[in-house]
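Everything below concerns the one structure shown next.
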Amino acid sequence: RPSFCNLPVKPGPCSGFFSAFYYSQKTNKCHSFTYGGCRGPGNRFRTIEECRRTCVG
């Protein structure tokens, strides 16, 4: 799995409300969160399928 999968989830500094997904190393699963729309770490995916394919394996 890519190292960015282990980055902490952060919504970013903007105030948008976008549905996104992140990988949790603790649970070895992808979870949803609200993304603000800009910046934030690389542990962010548009779909749960993309998150699973990239980080879960």
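Just so it is clear, glycine is given a Cβ too, placed from its N, Cα and C backbone atoms.
Source: prediction; values computed, not measured.
According to DSSP, C55 (disulfide bond) sits within a helical segment. Listed in sequence order, the residues of the same chain lying 6 or more apart from C55 (disulfide bond) and placing their CB within less than 8 Å of its CB are R1, P2, C5, Y23, C30, N43. Feature annotation from Swiss-Prot assigns disulfide bond to C5-C55 (among others).
As annotated by Swiss-Prot, disulfide bond applies to C14-C38 (among others), with the evidence given as similarity to another entry. Around C14 (disulfide bond), the same-chain residues six or more apart in sequence whose CB sits under 8 Å from its CB are G36, G37, C38, R39, listed in sequence order.
Secondary structure at C30 (disulfide bond), as computed by DSSP, is strand. Per Swiss-Prot, disulfide bond is recorded for C30-C51 (among others).
Taken from Swiss-Prot, the feature domain 'BPTI/Kunitz inhibitor' covers 5-55, and the record attributes it to sequence analysis.
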Most Cβ neighbours inside 10 Å, all chains, among the disulfide-bonded residues C5, C30, C38: C30
Under 8 Å by Cβ from C51 (disulfide bond), same chain, sequence gap 6 or more: F21, Y22, Y23, C30, F45
